[in-house]
Each structure stands twice: as structure tokens, then as C-alpha cells.
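TrEMBL annotations:
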TRANSMEM  A:6-27  transmembrane segment
TRANSMEM  A:34-52  transmembrane segment
TRANSMEM  A:58-78  transmembrane segment
TRANSMEM  A:90-109  transmembrane segment
TRANSMEM  A:142-161  transmembrane segment
TRANSMEM  A:173-197  transmembrane segment
TRANSMEM  A:203-222  transmembrane segment
TRANSMEM  A:229-249  transmembrane segment
TRANSMEM  A:255-273  transmembrane segment
Amino acid sequence: MTYTAWIIVTAALVGLSCGLVGVFLILRKTAMMADAISHTVLLGIVIAFLVTREVSGSAMLVGGILAGLVTAFLVQWLHSLRVQHDASMGIVFTTLFAIGVILISTSVGNAHLDVQHALMGEITFIPFHTITLPVIGQIPQATALLMIVFLVVLFFIIAFYKEWKITSFDPTLAASLGIPVMVMHYLFMSLVSVTTVASFDSVGAIMVVAMLITPAASAYLWTDKLAVMLVLSGFFGVISAVAGFYVAAWIDTSISGSMAFATGIVFLVSFIGSPKHGLLSKYIRPGVHGRIVWRVKR
Amino acid sequence: MKIKKWGSIFFLSLFLLLAACGDNDGTSADTSNAETIHVVTTIAQIGEPLSIIGGDKLTVESLMGPSVDPHLYNPTQSDISKVAEADIIFYNGLDLEANMVEVFKSISDEKPVLAVGETLPDESILIDEAGAIDPHIWFDINLWQQALDAAVEELKEYSPENAELFEKNKQAYFEKLDALKQDAEKLTEIPEKQRVLVTAHDAFGYFGHMNGLEVIGLQGLSTEDEVGISDINDTIAIIKEYEIPAIFVESSINQDAIQAVIEGAQSDGINVELGGELFSDAMGEPGTEEGTYVGMYKHNIEVIYEALNK
């Protein structure tokens with residue numbers, strides 16, 4: 001495959017995984033979880049550095065994922081102690097981030113250690129870093145990693161579809177039906193953490209945060225059905241990846257930046273044009289016999 | 001049903017948009033003919049000298065242009081084709097391009113890739129008190145000559161028919177570097193006690209090592225380090241002790257921390273002034289004198305000499 005194709009495929013995988021996970025983040029009103037994790041991974045990579053004394057490589061990915069899991073668990077735990085969800089996110093990520101900053105300036109010294117270089121990947125150079133897998137052959141490492149992540153996400157969403165649905169919309173009902181709500185919460189947060197950190201490692205922070213939130217928020221404007229929302233959200237993620245790449249090629253700029261920008265455009269179009277909640281639909285409604293009636297605010 | 005209609009209109013328009021801009025597939029950077037050797041470097045400090053040494057046999061492109069700070073480099077779409085079409089790639093190494101090293105290692109299976117900094121003998125590499133490697137080797141002209149020499153050897157091996165030309169041009173360029181070393185000698189005229197270079201981040205370790213200056217960086221090696229209050233107070237104490245007349249800002253870094261030091265020192269009754277702007281990780285704008293390695297180095301020598309020799 002060409003370099004361009006690999007980049008688009010990888011970005012599309014990010015769009016799909018993040019789009020699916022993002023739907024539940026939006027429904028559970030925990031949209032900024034990815035942003036929180038993007039800060040706490042600092043602690044993970046600092047500890048990974050202290051253990052291995054390397055500033056890049058797979059140890060950083062493992063450290064990042066562990067930090068993501070710790071974040072997810074602490075947030076969920078604080079929330080279960082009746083701290084508001086957004087507040088518990090804010091508390092956990094600032095505290096863990098601060099510990100990372102303190103560790104860097106006390107025990108790491110002057111090493112070139114920052115999240116940007118140690119963990120965050122760069123989508124532009126994905127095609128040049130390949131590994132050879134059995135059956136598939138030569139494939140960029142990031143693409144292989146994201147393929148696995150996507151399959152894991154897809155598996156868990158399909159396997160527990162009913163449980164996700166009920167716990168997301170009505171936790172009390174779920175509990176009364178005997179669904180282990182807490183376990184589902186922790187499982188979901190682990191899924192979020194693995195998806196975000198693996199995507200950070202492959203394509204960088206800005207694009208992941210955008211892909212997690214914006215396509216799902218756009219899909220929510222088009223439908224109230226969970227299944228439709230999941231499909232739309234994944235689709236918007238892919239569309240943004242493709243459109244973003246060509247915008248980057250057109251004005252020769254940062255690829256991940258323009259993909260994140262494209263998600264914003266998809267949202268804007270949805271916000272204006274969606275039939276249910278869009279701006280336009282508030283003014284234009286089809287009349288009784290299919291004629292368009294302009295509704296004017298008085 | 002309405003959802004379907006609206007939806008299909010929306011997607012149709014998106015696809016039309018995609019189709020409209022889907023033709024130019026990253027091949028636009030291919031402007032040169034097949035005769036020349038495509039050389040891609042990360043930092044311009046490698047690329048600019050090589051473009052002189054290679055003459056018209058090389059097409060040299062630097063991913064991080066002369067005025068780009070390598071710590072804050074953001075690749076653009078056309079960088080894909082630059083790397084893809086390169087015949088030979090040079091980078092600094094020593095963790096300067098930490099997040100690209102794996103990419104370069106992978107590419108080295110297919111074409112020659114050389115980390116020029118890692119060809120230097122270990123004992124010439126500076127290590128700070130915390131054990132971290134200082135990658136800013138281009139500030140020691142002697143080391144940089146060795147690094148460029150390694151790059152030129154690689155080029156000769158790639159293109160034996162041009163080896164003589166490269167060697168000749170290299171000798172000519174190295175003569176310029178020798179003259180630059182002569183220029184730098186005048187830094188030893190600065191009164192010994194004042195030979196202290198205070199800057200925003202630790203980029204000048206090799207510069208100080210070569211030219212007999214003590215270097216104090218506020219920020220540490222990475223430009224993303226935080227500046228602590230103790231860093232600022234320690235620096236003010238040093239300025240007081242050595243009676244340093246001036247401290248310096250860098251072209252690619254925010255000047256607030258250095259300004260804080262100056263203001264703090266002044267409130268302590270010490271008169272220290274802003275010595276001027278030095279080029280550290282980034283060189284000047286392309287096309288200007290400071291956009292070349294020699295011009296950038298000369299600029300730094302002049303600014304430091306003027307400010308500290310009082």
C-alpha cells in the first residue's frame with residue numbers, strides 16, 4: 001500500500017475506535033476523560049523512565065496505559081464516594097500530573113523527558129515504521145496496534161451491548177436488574193484508557209481528544225437511538241480522518257491537526273443541519289402536505 | 001425517513017468535497033531531476049553545510065527548517081514525500097529527535113540513515129550532572145567538523161563518482177570553519193571572571209566547553225522544562241557573585257524567564273542587562289546570513305563578546 005493509504009487507514013482506525021468509545025463517554029457525561037488521561041500519562045512515562053532509563057520505546061506505552069488505568073480507577077472510585085464526576089476527574093488528573101512534574105524536576109534531572117517526545121506518536125511518519133506480521137505481512141507498527149485496539153473495543157461493545165445501554169442511560173434500573181454497574185464502569189474506563197493511550201502512542205494527543213468527543217457529539221445531534229449513534233459516530237470519525245488528510249495535503253500542514261479540525265467541521269455541519277436538533281430545523285419544518293413552511297420567531 | 005434524506009444530502013456533499021481535492025497525492029515535492037542525490041536532514045545545522053559541500057550534486061532538504069526549534073517541530077503533510085523520496089538521511093541523534101528515532105531505525109533497512117552525532121567518540125559527548133546526554137553538539141566546531149566529516153564519508157560511499165568533488169568542497173568548507181574558530185578565539189579576551197553565559201535553556205554546553213565559558217541555563221536541556229523559583233534565585237546569586245554584566249535570550253524561546261531574572265537582580269540592586277538574542281536550537285531565517293551555520297555562529301560570538309567584554 002502507498003504511504004498515503006497507510007496513514008488514512010491508521011487514522012480511520014483511530015476514528016472508529018475513538019468514535020465508538022466516545023459515544024459512551026458523551027452519554028455518561030465524562031467527555032473530558034481523554035484530556036485527563038493525556039495529562040496523567042506524564043506520571044506513567046516518568047515512572048517508566050525511572051525503571052528503564054530509556055526515553056522512548058514500548059516501556060513508555062506500558063507506563064502510559066498503567067497511568068491511564070490508575071486515572072480511570074481513581075476517578076471512578078472518587079465518584080463512587082459521591083464526588084461529582086467532573087470534579088473527581090479534575091482532582092485526579094491535576095494531582096497525578098503534579099506528581100509527574102515534581103518527579104521530573106527532582107529525580108529525572110535534565111533528561112529530554114516530556115510527554116510530547118516520549119509517548120505521543122506522529123501520524124506523518126507512521127508508514128516508515130513497519131513490522132512484519134505472520135499472514136498479514138509488512139504493516140506499520142501503529143496500524144497493527146490500533147487494529148488490535150479496534151477489535152478489542154468492538155468485541156466489548158458487542159458482547160455487553162445491552163449492559164452498556166442500560167448502565168449508561170439508567171444506572172439505577174441496571175442495578176435493580178442485577179447488572180454489576182460498578183464492574184461495568186471500571187471495565188468501560190479501562191477500555192477508554194487503553195484506547196486513548198494506544199492512540200496517543202500512534203497519532204498524538206490533539207487528534208485523539210478530538211476523535212473521542214466530537215464525532216460522538218455530532219452523532220448525538222442526528223439520532224436518539226444508541227445503535228444508530230454508534231454507527232454514525234464511527235462513520236464521522238472515518239470521514240474526518242479522510243477529509244483531514246486531504247486538507248493537510250491541500251495546504252501542506254500538520255496531518256493530525258487538520259484531522260482534528262475536520263471533526264470540528266463535521267460537528268458544525270451537524271449542528272446547523274441535523275433534522276432533530278439542528279439550527280436550520282428550528283426554522284424550517286415541512287408543512288402538512290409536504291410544503292415547506294418558514295417558521296419565524298415572533 | 002427524513003433522517004435518511006438529510007443524511008444522504010450531507011454525505012453526498014462530503015464525498016464531493018473529498019473527490020474535489022483528492023488528486024494531488026503528495027507528489028508535489030518532487031521538483032528535482034533524477035541526476036541529483038536527495039538528502040534529507042532533520043535539523044538545518046546538518047543540511048545547510050551539506051548543501052554547500054554537495055554543490056549541485058545534492059538536493060538537500062531539512063525537515064526542521066533553519067528557524068524551527070527541533071523540540072517543538074510539527075511535521076507537515078509534504079514531509080512524508082520528503083522522507084519517502086530521500087536517497088540518504090542524516091539526523092543529529094543523541095536523543096535530539098527522540099520520537100523519530102524508531103522511524104529512522106525502521107527506514108535504515110531500506111536506505112542509508114546516519115545519526116551524525118552518534119559517530120563521535122563517547123568521551124567527547126557532554127553529560128550533565130543528572131546523567132543526561134547533551135545533544136547540542138553543533139556548538140563545538142571541532143565536533144561538528146567530525147560529524148560533518150562522517151556525513152560526507154557516507155555520501156562518498158553512496159556516490160563514489162562524486163567522491164573527489166565532495167572531498168574538495170569539504171576541504172574548502174572546513175577552511176571556513178577553521179576561520180570561524182579563529183574568530184571565536186576573541187571570546188578569551190573577556191575578563192576571566194565574567195566568562196559566564198547565562199541563557200534560557202541548556203543549549204550552550206558545547207559552546208562554553210569549546211570557548212572557555214561557564215554556561216548556566218535556567219531551564220534544563222529540554223525547552224519544555226519548567227523554570228522553578230529556585231532556578232531564578234540561584235541564577236541571580238551567581239550573577240551577583242561573578243558581577244556578570246549581561247545575560248541572553250534565545251531566538252526560539254519565550255523570554256519571560258530571563259526577564260524575571262533581570263528584574264529580580266535589579267530589585268537586589270545589581271545591574272545586569274539583556275546582552276542580546278542568541279541562536280540556539282534554531283538558526284536564523286533562511287536566506288539571511290544568520291540562516292547559515294557559519295553566520296549563526298558568528299552572530300553568537302559577536303553578541304556574547306560585545307555584551308560580556310566590559
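In case you wondered, yes, glycine gets a Cβ from its N, Cα and C as well.
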So if I exclude everything within five residues of the ends of the transmembrane segment (A:173-197), which remaining residues of that chain have a CB under 8 angstroms from its CBs? That is, six or more out.
17-18, 21, 24-25, 28, 33-34, 37-38, 41, 61, 64-65, 67-69, 71-73, 75-76, 80, 119, 149, 152-153, 156, 160, 163-164, 166-167, 208, 212
Report the listed stretch (A:6-27, A:203-222, A:255-273) having the maximum count of Cβ pairs within less than 8 Å of the transmembrane segment (A:229-249).
A:6-27
Range from A:34-52, A:58-78, A:203-222, A:255-273 with the greatest count of C-beta pairs under 8 A to the transmembrane segment (A:6-27):
A:203-222
Outside the transmembrane segment (A:203-222), at least 6 residues beyond either end, the same-chain residues with a Cβ under 8 Å of its Cβ set are 10-11, 14-15, 18-19, 21-23, 25-26, 31-35, 38, 115, 120-123, 126, 142, 195-196, 228-230, 232-237, 240-241, 256-257, 259-260, 263-264, 266-267, 269-271, 274-278
At a C-beta cut-off of under 8 Å, are there same-chain residues at least 6 beyond the transmembrane segment (A:58-78) that contact it? List them, or none.
30, 33, 36-37, 40-49, 51-52, 85, 88-89, 91-93, 96, 118-119, 182, 185-186, 189-190, 192-194, 196-198, 200-201
